[in-house]
Amino acid sequence: MAQAGRSGDAFASLDQRRERQEEQAQSGLDKVFYFQGVVELFNRMKIAYGRTPAWTALMKCNAIYLKDFKTAVGVEGTRYGLFFAEEVTKPTWSPDIGANLITLGEKACLDAQNAKYERLQASLKTTSGLVHQVMEKTREAKENLEKANKIQEQLDKVIESNKALHRKIQERNREKMQEYMVRLHNTQKDRDDWVQRCSRLEQENVTLQKRLKEKENALVSVGWDLLGWIVISVLVFGLISLADAQNLTPPAKIVITPGQAEFMDLAKLEKIQVRKYRLDSCELPPEKGCVLYKDYLTTRPVSFLELMAKCSKPDWVSESSYNETTLMEECIQIFGAEWCEGKLVDLVPRKCGEQHVLVNIIEQIEKTREVVTLIYGKVMSYRLDMWITSIFSLVLAGNKEKLFKMAPFIFVAWFLNIPVFLTCVAVNIFPVVSLPFILFQIFMPQFVLVNAFLLWLTLTLTAFYWSEGPKILMEISYALVYTIGFVLWSLGLAVGVTLKLTMVHQILMFCVVAAAICGTKFACTTITVQHPDGTTAKYTRVGKLKNNVVNQCKKVVTTLQTRGVIPATPAKTASIVIVEGKNGTGVGFRFMNYILTAEHVVQGSDIATLKNGSVSVKSKVIKTIPIFESVDNVAVLKLPPELNSVKPIKLAKKVQSDYLTLTAYDPNFQHAATFTGWCIIDGNWLNNSFDTKFGNSGAPYCDHDGRLVGIHLGTQGVLSQGIVIVDALKNTFQLADQCRPQNFDMDEFLEKVIAGTKVSHAAILKELEELREEVQFLKKKCVTYDDYWLCQTIFGQAKGKTKKTVRGRKHLVTKRALGKGHFMKMRMLTDEEYQNMIEKGFSAEEIREAVNALREQAWLNYCIDNDVDDEGEEDWYDDMVETDRVNQEIDEAIERAMEDRGEFYQKKSRLTFVEQAMMHLIQVSKERSQTAKLEVQKENEAQLVKMFERCVTDENTPEGTTSIAALSTEDDVRLVEGKVIDFTKAKNIPVDGEIRREIIPGTKCTEISTGPENKKNILKKKDTHIAEGKVETKSSQQPVDVKDDKPVALEQRKPRACKWCGSSQKHDYRECRFQREKRFCVYCAAMHSMFEGHIRPIECTSCKKSFSGIEKLEDHVVSGECQKN
């Protein structure tokens, strides 16, 4: 039994050894590629079985092994299927019996390929979510960039408007300066005219004085002559006169008016014995004299000498300071009665009878005071003081505690004759602790500051020791308030004692002040309004009134300023066309999808000619729109497709008299012309002073926003006539109102939308959190720096998007459009099209030119559709080459890192010998196949060249044997064919400073020499003996039997699969994403894709009619087809 047990243990160890060998045999199989004969076998089988169901089922497998022309094995999951074709036309597929027909080595290769495919799928699923996040971030970056561009455009517009305003201000300033210069010139001219006129008048005055002097001399001579004749007459006839013939009759009185006396001197007035009078005038005399006026204040009386000094020049004298009797007595005492007679009238010749404005005001105040006194007397006749005192007494008696507290103070106030009411107010307001201080203040009012300080100290200490917790701070603050109030009360008490205010006056003043304070506080309070969206707004009653007043003032100022400044108006030359009818030519403009013009332009014509630039088309007159109070109408023409480039004009929102712009053509209809000015709107009529010509009829009037106001009809005299058509167009082109479904609850609908948004948002956040956890888990698995970099390359970023590369730096900036290099690498022909061109005899150069022409056309179409500027795309080829080079370096780095880890990495394509920088030896005969591949570091290139020369001999290969030897270094590339290769001399070269050496056995023997900084030299050798029905591979492992002499199939690259639909067929991935990506649907209030369709049935809620799309449902509702609506 012991021996049996030992033998059993021995067999168990053999089984374990066999399992370890199988595992070692499978390690690295996913990197193995089999070249010989597989492509030809695959093409033959595809041509023979390509359209059969069995071949289709075989192609769906994850890994495929082609044994011969009739037999193949496919692996999908854990199932091994068998493809067998006993006849070419009848192949069969068995999904579960393939494992019985393959060897252990073949099964290991299939398992490795299947595992590689599953790992690739897992990697794609892991990265799909991260790629989606990157795309979303890119979209948000695009939106932010567009917003920034819009803000920049708005800033540019503001800058342009500021520049235009600055130019207008400068122009206005120049105009004002020119106007002021003209006025200054006119003023100087008038001044010179006046100077000349004054000089002429002075000359005339001198001439007149000379003439007057001459006349005076003549009069003096005549007077002397007359005096001589009088003396002679007295001597001759003197004796004849009688002594008693004296004439005692008094002279007759001569009445002289004050106006006449003003122009007569004193001597003449005394000669004719006329009494002087003062003139009733408030104007100062021209040379000297005072004006007597009434004053409202009493002033000091003036003396006669002061009056003479004051009235030596024009001045004013008040009636209160002027006492004519006293002044006359002073004058007689000084100068005598004869000299003083009439002197006061000479000094004060004028008297002002008007009253001063302040006198009128004082009289009004006196009248008001009399009325108030009268009313107060009437009120006091009803004995209201008794009623007020009684009410105050009842109020005090209503609270017995306060009454007992106030009683001593009321008695003291009555005894000391101080205001009782103010004392009661103090006792009621201040705390009990302050009552002794109030009593002390009543007796000793002069110690108010000391008393207030002691009160503050007492209240503060009381608050600190008698209160607890947060109440201490509140009580201390109250102590300060009570102290300030105590000082104010003391001052009020002193004022009341001084003015001797009665109790009634005290009560009335207290009630009025309290009501005013409370009312003002209520008017200034702030009202907080909370809106349904959660925002709050604060308003004040006074602020609201103030804002209303300010807004009204702004409106008035804006109205006053509107007429003075001509605003900038958008040009509407791109919206007008020339309209030619039978009876004349005019102007038309586009409104919506119609051309409008005046009716008299196309009168008598059913079809008119429309011209815009070089385009001339015919259009039919659809209808006319009548205008109220106008003999002319508006003609409506159909918009031809050729004039779709004409821009439409929108209706004005507000119609009022303003600066408007008329857009028309010159008389020759060659260029557009605009007229801008003030237009007066009177009802429907529009009047202006534009210099319009014949042919401007039908032109549009637009406001400063470029919106349509009216249409031009013609010229009446010097005024242009237009008509306002805003209301007429609104009534004619009414929009159809959309009906709301019956029993539709908007609030419930909004609640569903909000709830759905919250649910979808929560799901997105949950999925995002799960993805973050997975990424963090992958990061933790990275042990070394190479592992971390590798994970970052595969899972963290898209390939080539690292910041250390050129493509990574390009990735930092959001790419707004594709480059030309993308299109110049695009595949334009399918395999069938390419094959057809070859069959038709096209050469390779002709096919290449045709493909390049298609690529150029695709690039131009892309630029036109996406508004991309192709300027600067001349260097697209250099950029494409540089990008490919950088991507190739990244691929090589990833491959090396993954080979070091012993993990799978799917290559994009096979690398050439030059790109690999290595030595590759291949020799194949009918009996044997040998390969050797050696990759070394740069410092071992010289040793690699010597080894290549030793391995490649000068002997030619025998018939039936093929050999290829390739060497690729930085400075040398060699390719030798048809020479015998000595594989025994192909050995691995140790790397400088070798740390360790590894040998990985298997079907291909791999030797790795590792040095510092993870530098490696790798040698891979394989020797396969081909016999009939058996393939022997020399390595450190046992030979593996193969039942077929066909070479192993090459590892095929998996086609790209769409992450939205899973199909590997070429199609529009963007459209596929648009159809299958889930979005929030407002109609269904849920998340779904367009491919899934709407969750909520699309039907009319009124008539229950179903529709295939929401657009048809909207048409059904808007067009009024629903009979129940």
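For all residues, glycine too, the Cβ spot is worked out from N, Cα and C.
What you see is a predicted model, and the numbers here were worked out from it, not measured in a lab.
Positions annotated as coiled coil by Swiss-Prot, on the basis of sequence analysis: 131-218. The transmembrane segment feature in Swiss-Prot is assigned to 220-240, 379-398, 407-427, 437-457, 479-499, 507-527. Residues annotated as active site, charge relay system in Swiss-Prot, with similarity to another entry given as evidence: His600, Asp632, Ser697. Annotated O-(5'-phospho-RNA)-tyrosine per Swiss-Prot: Tyr834, in sequence order.
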Neighbourhood of Tyr834 (O-(5'-phospho-RNA)-tyrosine) by C-beta distance under 8 A, where only residues 6 or more apart in the same chain count
Ile847
Those residues of the chain, 6+ apart, with a Cβ under 8 Å from that of His600 (active site, charge relay system)
Asn583, Gly584, Asp632, Ser697
Mapped DSSP class for Ser697 (active site, charge relay system), helix or strand or coil:
coil
For Asp632 (active site, charge relay system), the number of other Cβ atoms found within 10 Å of its own Cβ:
20
